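The block underneath contains the structure these notes are about, expressed in structure tokens.
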Number of protein chains: 2
Amino acid sequence: MGEFELIRRYFAAAACAATADGVALGIGDDCALLTPVAGAQLAVSTDTLVAGVHFPALCDPFLLGQRALAVSASDLAAMGAAPLAFTLALTLPDADPAWLEAFASGLNRMATACGLALIGGDTTRGPLSMTLTVFGQVPAGLALTRAGARVGDLLCVGGPLGEAGGALELVLGRLAAAPDVAEPLLERYWSPPPQLALGQALRGRATAALDVSDGLLADCGHIARASGVALVIDAERLPPSPALESLLGPERALQAKLSAGDDYVIAFTLPPAELAELQRDWPQVRAIGRVEAGAGVRVLDGTGRDITPRQGGYLHFME
Amino acid sequence: MGEFELIRRYFAAAACAATADGVALGIGDDCALLTPVAGAQLAVSTDTLVAGVHFPALCDPFLLGQRALAVSASDLAAMGAAPLAFTLALTLPDADPAWLEAFASGLNRMATACGLALIGGDTTRGPLSMTLTVFGQVPAGLALTRAGARVGDLLCVGGPLGEAGGALELVLGRLAAAPDVAEPLLERYWSPPPQLALGQALRGRATAALDVSDGLLADCGHIARASGVALVIDAERLPPSPALESLLGPERALQAKLSAGDDYVIAFTLPPAELAELQRDWPQVRAIGRVEAGAGVRVLDGTGRDITPRQGGYLHFME
């Protein structure tokens, strides 16, 4: 079976969507062809997931397929880009049809949910890993970057924090929990819903944005550096998560909210006047702090005491 | 060191070029932003190279960097696309500064030669492999696909065939040769010049095109299938290669020209009236056969005898 045929067979649903608007030519030639709408910029992001580093080597391939695309789509969301298409470069130790079918079906499900068409790919033999490149479009000048936060803006997040980090304790078998605690956490880890609609709603409103992948503190550090400001987080205003608090207890739950990665919710800065209207459509949006003059990220408790942890966020390879 | 900082430090030259036309935002945010010129389509191609599969695990990182980008850029050439940008997802067993510096310097050299700006990437820890995604632009409707070859067209190639396959025998130490034989072959393997200018010159002239990566027979099979035609190759008209013929002898050299992969020259079909003018600017272009009604690919010797090898081309994983 040829590599294109392999991809076509298992990823048919996502590849079919390649007749979508903006995709002039899908899988099967030397290149795919995208036709962005007039005046749009094309947003591009690449992520690699390696077995044993970014996901457990032994895991459910359906869930892995879902999560792999969700993680990449989240970068489009954080940029305010409308989803368009993606490519998949899949490296496999062998061609196990059952594994491929389940993986493709998780990937296809997320592709359909996000509106992303599979336009190309490559299959190679080797240790399990995958690189996804996602494409979106955004009207020129309206993309949400990390630079642009202004003193006086609120710091906001689009959803709960730390839950994927809590789930990882379960995934790796370090902790166990009853289903009412475990299930919502595992759902966040395996199927983080990319906040694509929220990202587009933030165009022209948010002054800076990114998706929380490395942990809130580390990612807020990226905004602070790129924008030349300080960010202050009020620990008491972080979104509550009964499941996480039940799993870890209040102290470690707070630590997870501040430092655990993999949540893929959008963190953004917003002029205070914008908050009320935004929360009408997006009630899960919470202001968790503010932008001040200076540099770096600080965490304050309810009394205003600085409780910033020394170590910030999940550290990738070589960080 | 953060992953962006790592990429920035070692790939500075290529990343600097990200102020190039068409690149609105380079490395360092959630997404890069491309602004294709009005009326252009964006050509996208993804390739993965795995150590021990696509290149020898022990090899010169400078040469590897050159070759990795050349292989991907060749897909843009085959589509008639003008080069724009690329992303690099690099998986490394460890962060060896000497290795990274040499790899980056080969990659940067090819990026500069091709006019491709590095706009994003990801570094992860794991067994050595890399996925490159390249972006080019082509006026809407002018991209060269594999479909479109017409009965009566000539089958042409943009350069020598089989030389990279011959070089692989040297790279893997299966054969040895004097420098005057080895050097030109090794140059083709490690630094195949992507035929970007030729590809753009073929817009509006060639009826179908691709780059020869899997071997001439296998790749001609792709054109034949996509276009619904038969391709006939005249073995005697294949470009001569003194180095290859000296290394392998005439019979195995012919076999390599027909079936060895990795050459990355453009194969294309062309109305006969176009050939003379094209060869004025591109003297290395040769007509090696023709398009006939039917299906499949046949090879004929000087007497018209069918000498098609049973097995066609380098077979990728799972083919």
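Cβ atoms are placed via backbone N, Cα and C, with glycine included.
For A:ASP30, A:ASP75, A:ASP211, the entry in TrEMBL reads Mg(2+) 3 binding site. DSSP assigns A:ASP75 (Mg(2+) 3 binding site) to a helix in the three-state reduction. If you draw a 10 Å sphere around the CB of A:ASP75 (Mg(2+) 3 binding site), it holds 27 other CB atoms from the protein chains shown.
Sequence annotations record features per position, and here TrEMBL assigns Mg(2+) 1 binding site to A:THR46, A:ASP47, A:ASP122. The secondary structure of A:THR46 (Mg(2+) 1 binding site), as reduced to three states from DSSP, is extended strand. A:THR46 (Mg(2+) 1 binding site) has a Cβ environment of 26 other Cβ atoms inside 10 Å.
The Mg(2+) 2 binding site annotation in TrEMBL covers A:ASP47, A:ASP75. A C-beta separation below 8 Å, combined with a sequence spacing of at least six in one chain, links A:ASP47 (Mg(2+) 1 binding site) to A:VAL71, A:SER72, A:ASP75, A:THR131, A:LEU132.
Sequence annotations record features per position, and here TrEMBL assigns substrate binding site to A:HIS54, A:ASP262, A:TYR314. A:ASP262 (substrate binding site) carries neither a helix nor a strand DSSP state and counts as coil. For A:ASP262 (substrate binding site), the Cβ neighbour count at a 10 Å cut-off comes to 22, with all displayed protein chains included.
Residues annotated as ATP binding site in TrEMBL: A:GLY121, A:ASP122, A:ARG146, A:SER213. Following the DSSP three-state reduction, the secondary structure of A:GLY121 (ATP binding site) is strand.
DSSP assigns A:ASP214 (Mg(2+) 5 binding site) to coil, not to a helix or a strand. The annotation Mg(2+) 5 binding site is assigned in TrEMBL to A:ASP214.
Annotation comment: TrEMBL describes A:28-138 as domain 'PurM-like N-terminal'.
Summarised as a single figure, the pLDDT of the domain 'PurM-like C-terminal' (A:150-299) averages 95. Feature annotation from TrEMBL assigns domain 'PurM-like C-terminal' to A:150-299.
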When you put A:ASP262 (substrate binding site) at the centre and draw a 10 Å sphere around its Cα, which of the binding-site residues A:ASP122, A:ARG146, A:ASP211, A:ASP214 have their Cα inside it? A:ASP211, A:ASP214
A:THR46 (Mg(2+) 1 binding site) to A:GLY121 (ATP binding site) - Cα separation in whole Å: 13
Taking only same-chain residues 6+ apart in sequence, whose CB is under 8 Å from that of A:ARG146 (ATP binding site), what do you get? A:ALA208, A:ALA209, A:LEU210, A:HIS222, A:ILE223, A:ARG225, A:ALA226, A:SER227
Integer Å value for the Cα distance linking A:ASP122 (Mg(2+) 1 binding site) with A:ASP214 (Mg(2+) 5 binding site) is 28
